[in-house]
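Participant: Let me begin by handing over the structure; questions about it come next.
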Amino acid sequence: MYLRSLFLCLILFSIKSNSQILETKKNFRAADSLLKEPSFSVHKDNYFLTGVPINTDITRNNADVKYQVSFKLRLNSKPLWGGFFPYLMYTQKAFWDIYASSKPFSEINFNPGVAIVRPFYLKGGRLTYGTISLEHESNGRDSIFSRTWNMLAFSLKSQISPRWIVGLRGWIPLVDKEDNPYLTQYVGYGEASATYQIQPGRWSADILFRKGSGLIRYGSLQTQVNWRPYKSENYYLTLQWFVGYTESLIDYQEHKSMIRLGFTIKPENMGIF
């Protein structure tokens, strides 16, 4: 009886140990998806696009250039407690009235932040990134032209199939009610994204939906189609359509519908959010 109990305990211990080993190997594989990137890498899409409005008459003053520069820095190649990797992030988005007579920049938005990222696999071996971030966004101006807010954000992004990547992101907005009393209504509390590989390595489509805090008002939708002319190069020809609010902070209460064409450099993998 004693030997039988001992034998049963050994079997259970072996099963548990093997499952822990398999789980550890899965965690290592998930972490490899981050570590195979350089420590300094593309964060969000980097692009240079030019376009016109499609909901009003086109003039030299409402056609523009929109460009974005975005990068991230992994601070450590070894995970912190809980398997999280620490990052610094920075994104800058600018609107340039290049067709106007004096060619001024109408708006520049600055978005620095810190984040911790936990790579793991969902059931079925679907690579997923869980991210917690603290971010600031502002337009660097003062007085009545100041637009600024902070957020504590939580996100999940997962490659659910070889062609589909989906993401969900929610945040707690921290807004100065005196300077920007209505900003929260427009930036909302979250967004959903999806990327579909139409022809892997060549054609892809992206969609980003942000819901404002109102029941049916506010929010925005951005869709784009990307074509990669050379598989060996990481740049794309992009056609982008934006409709809704908060494309820029200075005009966050203004409804816009803009179509733009240009070039994009994308993250090497699916991006952390």
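Including glycine, each Cβ sits where the backbone N, Cα and C put it.
Here TrEMBL flags His136 as active site, proton acceptor. Feature annotation from TrEMBL assigns active site, nucleophile to Ser138. What TrEMBL lists as Ca(2+) binding site is Ser102, Arg141, Ser146, Asp179.
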Participant: At 10 angstroms around each C-beta, which of the recorded positions Ser102, Ser138, Ser146 has the fewest other C-beta atoms nearby?
Facilitator: Ser102
Participant: From the Cα of the residue listed as 'active site, proton acceptor' across to the Cα of Ser102 (Ca(2+) binding site), what is the distance in angstrom?
Facilitator: 30
Participant: Which state, by DSSP, holds the residue listed as 'active site, proton acceptor': helix, strand or coil?
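Facilitator: It is in a strand.
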Participant: Given Asp179 (Ca(2+) binding site) and the residue listed as 'active site, nucleophile', what distance in Å do their CA atoms have, once rounded to a whole number?
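Facilitator: Taking the Cα atoms only, Asp179 (Ca(2+) binding site) lies 12 Å from the residue listed as 'active site, nucleophile'.
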Participant: So how many other Cβ atoms are close to Asp179 (Ca(2+) binding site), meaning within 10 Å of its Cβ?
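Facilitator: The Cβ of Asp179 (Ca(2+) binding site) has 14 Cβ neighbours within 10 Å.
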Participant: 10 Å Cβ neighbour count around the residue listed as 'active site, proton acceptor'?
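Facilitator: Neighbour count, Cβ to Cβ under the 10 Å cut-off: 14.
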